[in-house]
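The following features are taken from TrEMBL:
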- 1-36: region 'Disordered' (REGION)
- 26-36: compositional bias 'Basic and acidic residues' (COMPBIAS)
- 65-184: domain 'C2' (DOMAIN)
Amino acid sequence: KGLFGGMKMKKKKKGEKGLTIANKDALGDHDENENLHHDTLGRQEEGEEDLMNSNALSSAFGSVSPERKRFSLEKYVRCLCPPQIAITITEARQLVGENIDPIVIIEIGDEKKQTTVKEGTNAPFYNEYFVFEFIGPQVFLFDKIINISVMHHKLIGSVLIGSFKVDLGTVYAQPGHQFCDKWAVLTDPADIRTGTKGYLKCDISVTGKGDTIQATQKTVDTEEQIEKYFNSFLHLNPSLLST
């Protein structure tokens, strides 16, 4: 009994010591738990704040909803569609030379297209339509040059009658991104002092795929228009389209 009593006392002492230590730890744990609780609440609030910020960003820069994602993707795909340069060669007038067989050659970069050959005429009528697609960074698009030449066609070595050139940036800056129903002044680029070599009527437009070309009123008095553009040519850089 004394042994059990001793053991009991020993256990009691342990309990008292344990209680004292436990109380001290309990106080510490209480502070730590309280700090941990505050820290957890703080993290929750930060998380909620981050979530709110995330939602705010989503609202500002686009929702992550499937519909909005699909819309953004479609918009991105549309941006990837290459721009188109559409050119209509309508006719030429007052081309210099005798017994000429004129053909029109269009060059944009390394790509080249040409009309049919019209035999024995200084006023050929073509009404032919051509499309070029620009592949590459769009930032370089406006620096591209359209070079259009009217040649006297021969089986061996065609002869230049006259030409003109215009950059795509100039075309894009026009209303509707197009020159419509314009007469271009043809010159010899090697020596513009030799004067006008004729006139070429054409339409030029720069558009994205799916864009519609604005309809413009066609001119009817050809001779009057040619005279107007000839007078303009005397004062403008011949490398640009007359306006």
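Quick reminder: no glycine exception, Cβ is built from N, Cα and C everywhere.
Broken down by DSSP into helix, strand and coil, the domain 'C2' (65-184) contains 29 helix, 54 strand, 37 coil. The average pLDDT computed for the domain 'C2' (65-184) is 86.
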